[in-house]
Amino acid sequence: MAKIMAVNAGSSSLKFQLLEMPNETMIAVGLVERVGKDDAIFTIKYGEGQKFTDVLPLATHKEAVELSLEKLMEFGIISSYDEIKGVGHRVLHGKEKYADSVIITEDVMQDIESYTELGPLHIPPNLIGIRAFQAILPNVPQVAVFDTAFHQTMPEENFLYSLPYEYYTEYGIRKYGFHGTSHKYVTERASELLGRPLQDLRLISCHLGSGASIAAVAGGESIDTTMGFTPLEGITMGTRSGSLDPALIPFLMEKTGKTAEDVLNVMNKESGIYGLSGLSSDLRDVQTAAKEGNHRSEMALRIFANRIHGYIGQYAAEMNGVDAIIFTAGVGENSDSIRERVLRGLEFMGVYWDPSLNNGARGEELFINYPHSPVKVIIIPTNEELMIARDTVRVGGLVEQNA
């Protein structure tokens, strides 16, 4: 048995889970919010429903890591730091070099740092989180688990943009895709639930949260995905526009007087469900307003669902069929009305979903198709932390995993 920490460091947050491997038991889950503020919030859940919350000043991620480890000791969750045998870190970008998770060395750190321009909001805190754990647990293997790695199996026809080829060779401009850890987890879990080898399956994974992406997974490998060079491409999201005509950028610069950076900021933070509805990026608020007759909210929901619906058709065509459609992440797992909007009309391709199973289904593994449906429809709550822990064990050679 080995205790593994799975870590996701954001710009002002630190999320972690402590898991016992290889039996994959979650021991504790923690969240530090508002890092860098005088009123940072620390929350930890452990044991049989125990929960502790504190508000205190935390100037740095290193202080947040120190506090997290101290509380694990204080509450008897661990008796010594030596019990932690590995730390896995979610890292946004690994470019083409990293098609799998790796032990973090100084060379790996330099590579990740050089990718900052591809993820200026995410990569700096990823690095800060790694450095903080390295400082406190210097002899513990640290593993980088890249959001982009799973999609490195995409063929050229799906990852290349129709730009001068030199832009790819010189600047690395191509589709990378994201949410790879989530897509990998749910497709592997779908194989188990279907009782069929992953190598024999054609799956469409819909990771629908505030950030959202869809992946076509054939034979266990990602062959296409909606997010691109950055997480801005693809379907409509909470605050992101998704794909649109790139000529809009200079047009909007001229019309509004904004810089290119300003326009990109609008597309990343003021668009999507929020921009369309004018109300909120939270689909629950928008759904409530739509039920009350708010046209823009209803329109935003239609656009969101229609983009997903269209990609399901596209990816089924790319794989010459589909065996199962998976819904995961906050919206995918919990919104029966969004699932209904997405699935409605897909009967032509063998998707026969059961409204009585879909209605009210929230956050649980569940088939929501009729038994005779050629294409299965499955809700699978994602578990990126477990995937990170599995990779940490595998790459670090820490314990024998369950067969």
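Even glycines carry a Cβ here, placed using N, Cα and C.
Taken from Swiss-Prot, the feature Mg(2+) binding site covers Asn8, Glu384. The ATP binding site annotation in Swiss-Prot covers Lys15, His207, Leu208, Gly209, Ser210, Gly211, Asp282, Leu283, Arg284, Gly330, Val331, Gly332, Glu333, Asn334. As annotated by Swiss-Prot, substrate binding site applies to Arg90. Annotation source Swiss-Prot lists active site, proton donor/acceptor at Asp147. Residues or ranges marked as site 'Transition state stabilizer' by Swiss-Prot: His179, Arg240.
Sequence features annotated in Swiss-Prot and their locations in the structure.
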residue: Asn8; record: Mg(2+) binding site; DSSP class: strand
residue: Lys15; record: ATP binding site; DSSP class: strand
residue: Arg90; record: substrate binding site; DSSP class: strand
residue: Asp147; record: active site, proton donor/acceptor; DSSP class: coil
residue: Leu208; record: ATP binding site; DSSP class: strand
residue: Arg240; record: site 'Transition state stabilizer'; DSSP class: coil
residue: Arg284; record: ATP binding site; DSSP class: helix
residue: Val331; record: ATP binding site; DSSP class: helix
residue: Glu384; record: Mg(2+) binding site; DSSP class: helix
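Each of the recorded positions Arg90, His179, Arg240 was scored by the other Cβ atoms within 10 Å of its Cβ; the lowest score goes to Arg90. Candidates Lys15, Arg90, Ser210, Glu333 (binding-site residues) were compared with Asn8 (Mg(2+) binding site); those inside 10 Å Cα-Cα are Lys15, Arg90. With respect to Arg284 (ATP binding site), the closest of these recorded positions in Cα terms is Arg240, chosen from Arg90, Asp147, His179, Arg240, Glu384. For Ser210 (ATP binding site), the Cβ neighbour count at a 10 Å cut-off comes to 17, with all displayed protein chains included.
Counting every protein chain shown, the number of other Cβ atoms lying within 10 Å of the Cβ of Glu333 (ATP binding site) is 22. You'll find the Cα of Glu384 (Mg(2+) binding site) roughly 16 Å from the Cα of Ser210 (ATP binding site).
Relative to Asp147 (active site, proton donor/acceptor), the recorded positions Lys15, Leu208, Ser210, Arg240, Asp282, Val331 all have Cα atoms farther than 10 Å away. In this structure, Asp282 is the one among the recorded positions Asp147, Asp282 with the smallest number of other Cβ atoms inside 10 Å of its Cβ. The least crowded of the binding-site residues Lys15, Arg284, judged by other CB atoms within 10 A of its own CB, is Arg284. Using a 10 Å Cα-Cα cut-off around Arg240 (site 'Transition state stabilizer'), the binding-site residues Lys15, Arg90, Ser210 reduce to Ser210. Here the CA atom of the residue listed as 'substrate binding site' lies 18 Å from the CA atom of Ser210 (ATP binding site). Counting only the Cα atoms, the space from Lys15 (ATP binding site) to the residue listed as 'substrate binding site' is about 10 angstrom. It is 24 Å from the Cα atom of Arg90 (substrate binding site) to that of Asp282 (ATP binding site).
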